[in-house]
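First up is the structure itself, then whatever we jot down about it.
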Amino acid sequence: MISIYGLVMALMMASVLASSSRFQRVPQSQSVVENESVKFECESTDSYSELHYDWLHNGHRIAYDKRVHQIGSNLHIEAVRRTEDVGNYVCIATNLASGAREASPPAKLSVIYLESASVQLLGSNRNELLLKCHVEGASGDLEPLEIEWYRNSEKLSTWKNVQLDQHRLIIRQPGSEDDGLYRCTASNAAGRVMSKQGYVYQSSVKCLPRLPRRKNQKMMESWDKQTFLCRGKRGGAAGLEALPAVPEDLRIVQGPIAQSIIKEGEPTALTCLYELPDELKNQRIQLRWRKDGKLLRQVELGGSAPILGHSFDSGKDALLREDARLVLHKQNGTLSFASIIASDAGQYQCQLQLEAHAPISSSPGILEVIEQLKFVPQPTSKNLELDAVVAKVHCKAQGTPTPQVQWIRDGENTTLPDQVEVDANGTLIFRNVNSEHRGNYTCLATNTQGQINATVAINVVVTPKFSVPPVGPIETSEQGTVVMHCQAIGDPKPTIQWDKDLKYLSENNTDRERFRFLENGTLEIRNVQVEDEGSYGCTIGNSAGLKREDVQLVVKTTGDGFAPEESGGDGFLVTRAVLITMTVALAYIVLVVGLMLWCRYRRQARKARLNDLSTKEAGGDQPDAAGNGKGSEQEPCLSKQHNGHSKSRSKSSGDAQKSDDTACSQQSRASKKSAHIYEQLALPRSGLSELIQIGRGEFGDVFVGKLKATLVTSPSDKDADTEKQHSNSENGSGGSGSGSTTLSTLNEKRRSKTSMDDIEEIKEEEQEQHNQSGLEQLVLVKALNKVKDEQACQEFRRQLDLLRAISHKGVVRLFGLCREKDPHYMVLEYTDWGDLKQFLLATAGKVNTATAGSSSPPPLTTSQVLAVAYQIARGMDAIYRARFTHRDLATRNCVISSEFIVKVSYPALCKDKYSREYHKHRNTLLPIRWLAPECIQEDEYTTKSDIFAYGVVVWELFNQATKLPHEELTNEQVVQRSQAGSLEWSVAEATPDSLREILLSCWVSNPKERPSFSQLGAALSKAMQSAEK
């Protein structure tokens, strides 16, 4: 409370306020979480004199110490305490020359804290159940406490007879469906707590089977073969009378001990001795054990074997999970635990249930578990970036009683250095990281069980940076010398590695006479050859990370040009250059005109021959196709096949094709190359079976089906067939076009296999494909329905080329193309667990996948989420290495198998199943919430835009795909803010600290500042290793 003396002082100081002194900054009221820091700012101006500042707390002058101190005119409070620091703060500015004082308006400090929650019963009767969630905590002046109610593990909301009123839960007309354990959670800025002990509500079963009996009818003796309907009065609360009590000679002699305390890991048993009279041995009697009101185990006493880890009843209030530690002994009713774990703590009660009678229960027994002292998780060593503002090392311990955590530094002086402190949760905090913080630190956890410790190594590093980056492109002539600079700084000293076309260079695999690797990282190439042309990359790295820069080397061959004559004058040289240029231009024009005329003549002759051939093959039944010149000009989206072969392979058209290869028609060569590639991908439509439509995509329907195992070839088989066909084409026709096709195809395969995986990993994938040759392959089939839509056909071909060029276990395989008739089918690899988004929703409990006797899959752990993200990064890196872009990367377009293998795919169900995630922009359906700004503004898709989408995918993974990115905004708002550059992104709450910085860099507006997939893969690999420790 503010004392009278403090009020008088404040009034006196306000009365002597100098007119020349005014506050520029006044302290503001604040709400802060307990144990965090707070700062009150205060600044006043006086043009002529020096000012002195002081602070009052609740009217009393503050006694400064290490925790509460004044820096300049500002007041700093470290580790705020709610018992001492709550109240009003006033800043006093004193003019030392005149003695005039000025007092600021009071600023209120509120402390946010949260300790515990408990469920209190306010009233219970037949018409209403009233519960209250009592919370020990405060939220200050911020948002009020958020209260959530749970029945068993189900979250409650206002619906039907359930009403949520602030801290209270009201259930009107409660019935048997409202039975269960009620708990509440409270959350604010300080954290989230759940009530340790809830309230168990169990409505009394009120049904007495009174059936009218006729003289000539008898009751069925076997209860399990007859069903009776018991109805109560209409309009009554329950409408049924209570069940009769069991006979007195059926009773529980001894129940569990009222309270037992067991150490974690030790065995124990809960007693339930009962007496069963002989006349009831043939009746159906069940022995049940309940934990916290939920059914845990039960067994029939009428002759059936004991049920271990299984039950006939699998209702929503049951805890009947598979657990070999728990055994229910039928003979004496004892429930034994092979070894106690922390989750076994609770209230236990045994029951006997005679059919058509009310159950009898033992007195409840409380089982308390003394949890072993341990670290959860184990503290790990960490690299801290030099000059980082804040860095944290976590140390969390569990045990009974709650352990105390402290940190010491190894060495002679165990005290922590300056700017290093420990918060209330045991986290070691480094502020303004410097080299003195380097060393070994030990975390000590202590309670009555003893003490445990864990030592971590803290290393202060500097991220590698280019001091002299490689600059290009570099042009040089053959036989010349080229120098490519690459110098780096960092701590530890970075290593420098050069590569050419993604193949590492070293003294062992290069010509030492021509290639020199200097100590400062510079690469010098002497006597440059034509084969030295390519893309050179310099990678620098240390324990703090990796960086890479590329430079292009262009080698110009020496021609047979005219050597300049020293004796001639400048005018002669200019005249000769002009004459040569005009002569070459004239010759080029004549050549082009002649080729155009000749190509036109040859094209007309080829069309006439092809029309004659098609007429003969059709038996003369297609005169229009043969005779109509316009019809032959139009080409389909993808050329169709006849009897499994393309028309271009017919014997009669071989001469035309051969003659056309000598022409300079770029379009003709491209179309023949595409037809040749599509011919290699041909699959018979009869090989597909059990097609089930799962949705519609941008160019047609999408199905899931099965493909005959005999039609599934390994990637190595496809390569061999391709080379064989190219060789035959080359030997048979002698055309230059087929040779270029072979060379380009082999180069594409080399590029697709040069990724983060080495050749051994590709061999392992091929071996796995051979092992599965005896089974039917699950496939995804995409139909091309919009044959006349040029944009749809172009996208269909792009996806074909993308998936055909990639041979990586992180990307689905393209098995082939069915072109026998419309619609064309693209056949892709599929998995038994389907698309990744549905899997995430199932593990989050948003999709009901539980069957009878089973439960929903548990949520993914952080290690599992990191493993999924890592596999997607590897697959996208393979796409980047093959010089392709995905353009629609999301969890809905990835698939996962039961072996937890994730692959990048392309279902793109944008028309129905995932239509909510697409928006029509500029007459095109786009996944705008996953697209980079340059894609929406300029329709520019690059690998950097795929990296932007990958950051959103990781956000989806850590949110279990339960919500859309920026779901609070409409699609139009997302487009507007993305184009304006005001769309703000933040990582998911569950993201590890080591990944936050690199994931945020995926969403920067400048694409050049975004990381590469290899950098993301390295960061994820390091995070996975940390999570496993």
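Just so it is clear, glycine is given a Cβ too, placed from its N, Cα and C backbone atoms.
Note that the structure is a prediction, hence the values are computed from the model and not measured.
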Going by Swiss-Prot, tell me which one of CYS272, CYS443 is disulfide-bonded to CYS350. CYS272
CYS133, CYS207, CYS230 - which one Swiss-Prot pairs with CYS184 by disulfide: CYS133
For ASN453 (N-linked glycosylation site) and CYS395 (disulfide bond), determine the Cα separation and express it in whole Å. 10
Rounded to a whole angstrom, what is the C-alpha distance between ASN425 (N-linked glycosylation site) and CYS395 (disulfide bond)? 8
Closest by Cα to CYS486 (disulfide bond), out of the recorded positions ASN332, CYS350, ASN440, is ASN440
Taking DSSP as the reference, which of helix, strand or coil describes ASN520 (N-linked glycosylation site)? coil
What average pLDDT does the predicted model assign to the domain 'Ig-like C2-type 1' (21-110)? 86
Quick one: give me the count of other CB atoms within 10 A of the CB of ASN425 (N-linked glycosylation site). 11
Helix-strand-coil residue split for the domain 'Ig-like C2-type 2' (109-195), DSSP-based: 3 helix, 58 strand, 26 coil
ASN520 (N-linked glycosylation site) and CYS443 (disulfide bond), distance between Cα atoms, whole Å: 41
Sequence gap of 6 or more, C-beta under 8 Å: which same-chain residues meet both conditions with respect to CYS91 (disulfide bond)? PHE23, VAL26, PRO27, PHE40, CYS42, TYR53, ASP54, TRP55, SER73, LEU75, ALA103, SER104
